[in-house]
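Over in TrEMBL, the protein carries these features:
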- 20-39: transmembrane segment (TRANSMEM)
- 66-87: transmembrane segment (TRANSMEM)
- 94-113: transmembrane segment (TRANSMEM)
- 125-145: transmembrane segment (TRANSMEM)
- 127-193: domain 'Phosphatidic acid phosphatase type 2/haloperoxidase' (DOMAIN)
- 152-171: transmembrane segment (TRANSMEM)
- 177-194: transmembrane segment (TRANSMEM)
Amino acid sequence: MVTHRRRPAGRGGPATLARVRTIAAVCGLFALLLGLPFAGGTTPGALDDAAARAVAPLSPGVLRALVFPTEPCVVVALALLAVVLCLRAGRRREAALAVAVPVLAILLTAFLLKPLYDRWKNGTLVYPSGHTVSLVAVLTVLVLVTRRVVVAVLAAVALLAAAAGLVGLGYHYLTDVAGGTLWAVAVVLVSWPARRHGPARSAG
């Protein structure tokens, strides 16, 4: 005879959802506040200067390799991976959101935040970093889809590499990357549905 028992409440429940929404709100707030000192300007901050000096010894070839994760082909491939994983698990709503939410984050960055903050570098609006938003949004989706520590660690490594490359090649200041990271995480977390667990089977 097959009976059913409920998983303990909490995981994927209201408390977890509240924590996720709180993290999203904090990340979004910090993203908005971080750019204020640089709004309408073109100069780096002290942290930006320190980061630029730290990556200055790296060769252009190394920097180009580090920034590779932000290339559209990589970002699209990661998004498609998230979609496939969701579909294989029968989570069609999450499969759609795996594409829609990163696109939303990118559009908000390009058409709202960048013109609003009006921070320039090499003739381009740079805050928050669109390269970073696209990468981090997709990586955050993958972490939420897989819920595996190894994926989170690999995502962090990819972000650190991309940050070094973006700063070293002069595409962005470090604060642009930090703002992009916070903004992407905020948009994904506030848009992502809580995963609900049904009854678990047990023999009896």
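Just so you know, glycine gets a Cβ as well, placed from its N, Cα and C.
Bear in mind that TrEMBL entries carry predicted annotations, made automatically and left uncurated.
Predicted, not measured: the structure shown is a model, and the values here were computed from it.
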Problem set entry | Tertiary contacts of the transmembrane segment (94-113) (same chain, 6+ residues out, Cβ under 8 Å) | 35, 75, 79, 82-83, 86-87, 127-128, 130, 133-134, 137-138, 141, 145, 180, 183-184, 187-188, 191-193
Problem set entry | Across the domain 'Phosphatidic acid phosphatase type 2/haloperoxidase' (127-193), average pLDDT on the 0 to 100 scale | 98
